[in-house]
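Step one of this worksheet: look at the structure below.
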Ligand SMILES: NC(=O)C1=CN([C@@H]2O[C@H](COP(=O)(O)OP(=O)(O)OC[C@H]3O[C@@H](n4cnc5c(N)ncnc54)[C@H](O)[C@@H]3O)[C@@H](O)[C@H]2O)C=CC1
Ligand SMILES: O=c1[nH]c(=O)c2[nH+]cn([C@@H]3O[C@H](COP(=O)(O)O)[C@@H](O)[C@H]3O)c2[nH]1
Ligand SMILES: [K+]
């Protein structure tokens, strides 16, 4: 296929993105190319940063309604990665990192522990869990003695008795790093409904037969993201205040694999100094800088030594930065521009914000990003922090911007403690997103859709998509308003949209 054949049809990215417009994902559309491979042969393996490889290009955002320990473990199990948020005291953030790394299953049950001499007075004591675990002292760091199932407790005629009188005695456990396959065999062999995981002298968690059955039915992805220590890889975010150096020390102590410096405008003296500090003091730790949207911002952070760049300003679903500050960039343009410079230095780019469907992921990756970072796309999942509630008959979870007044005044973050006297201006909102089920189910389907997009483009991998982009074989155009309407569902009285 000679490139010349396409010269007259569509634009190369270089030309399209140098005309003075700030384009976002929905503005642009790729022209299909040539298919000579099946969908399943498309490889989505990628780099998060210089030294961290992922088997799928997905990252969960460091936001307090998106990434805690549960999300981080689930993302790692999918071959992606989670970045634990920093809107809480340093020790608590480090505890989330520790929790995510303390298992090799994609789920967390966060058990309730009791001692044999405690009593279970009400169903609330189960904290919505099917079991409580019984240990010698009633804490995790104590000898496992057994468990109480909620159904057994409900059948008790007299609830005032001590746990000791009716618990199931069992000190049987599986090692902390057992995967689901191993746990399933254990449950089958022992004819049990519950496997407790123990590490050294600490009871880590439990997995139920119901959990295993549920997850077994989900589609399988590639290998999980595991570090040299045999644990899930987990990232964490920090700010650029002096106290964040101490926070980082905690996080490194608990084994984070990568740090993300969280700022809406990364090209600052504060961030550049911090990058240098981290590279000097933790030379083995990958640092992701940002956020940036221009070539010159990116160049400054690359010069300071970043191993990855986070791109996006004002493109997030809960962001009001462009409205409040008049600064930012359309996300398609931002990703293309930053990636075009970062690729020359071998620095991978994370396209952060504005992802609401698989097509946006295809666009971000094809325009030069190596991964996408998602907030709203993941916030309605089972694994996101918070509980579901009902709004107008719809099952929803809370999702909020980290620059919203509510998140800023949560009062825990050192970033704002010193600023109490200052007037606070919100750059984000608080909202709700619909229940999407488990990331363990919808991410594999989303990745399959991304593979179909890559196939249409004639790209069998991320590298091949980037090669098509840079060789100008990839052609694209801007869609008019009517073009965007035509590309969506239109002209129907009613419809049901089911993606998988
Ligand atoms: N990607 C995006 O478009 C946006 C993201 N956000 C999110 O909201 C949260 C807050 O972001 P920002 O407000 O940008 O946080 P930030 O911490 O970067 O900046 C807050 C303010 O503190 C200042 N500052 C930072 N370090 C300092 C230091 N060491 N000494 C003195 N002043 C210092 C900054 O210049 C800025 O005025 C983050 O989670 C961010 O990701 C907020 C707005 C837009
Ligand atoms: O202007 C902003 N005000 C905020 O309060 C805020 N909180 C998060 N973010 C950024 O949005 C990204 C997530 O965006 P999505 O929901 O579109 O995935 C995130 O990954 C952040 O980059 C914010 N931007
Ligand atoms: K926005």
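Each residue, glycine too, has its Cβ placed from N, Cα and C.
Copied over from TrEMBL:
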ACT_SITE  319  active site, thioimidate intermediate
ACT_SITE  415  active site, proton acceptor
BINDING   262, 263, 264, 312, 313, 314  NAD(+) binding site
BINDING   314, 316, 319, 483  K(+) binding site
BINDING   317, 352, 353, 354, 375, 376, 399, 400, 401, 402, 403, 427  IMP binding site
DOMAIN    23-490  domain 'IMP dehydrogenase/GMP reductase'
Recorded positions whose CB lies under 6 angstroms from ligand 3, from 314, 319, 399: 314, 319
Residue 317 (IMP binding site) to residue 263 (NAD(+) binding site) - Cα separation in whole Å: 16
Candidates near ligand 2 among the binding-site residues 262, 263, 399, 401, judged by a Cβ under 6 angstroms: 401
Three-state secondary structure, which DSSP defines for residue 319 (active site, thioimidate intermediate): strand
Spatially closest candidate among 319, 375, 403, 483, the listed recorded positions, to residue 262 (NAD(+) binding site) (Cα to Cα): 403
Neighbouring C-beta atoms (10 Å sphere around the C-beta of residue 375 (IMP binding site)): 27
Entries of 312, 317, 375, 399, 483 (binding-site residues) sitting next to ligand 1, with Cβ under 6 Å as the cut-off: 312
DSSP state at residue 483 (K(+) binding site), helix/strand/coil: helix
Neighbourhood of residue 403 (IMP binding site), C-beta criterion under 8 angstroms, separation at least six: 264, 319, 320, 321, 426, 427, 428
Binding-site residues: 312, 353, 483 - member with fewest neighbouring CB atoms within 10 Å: 483
PLDDT averaged over the residues of the domain 'IMP dehydrogenase/GMP reductase' (23-490): 95
Those binding-site residues listed as 314, 316, 401, and which of them has the most Cβ atoms within 10 Å of its own Cβ: 316
Helix, strand or coil at residue 399 (IMP binding site) [DSSP, three-state]: strand
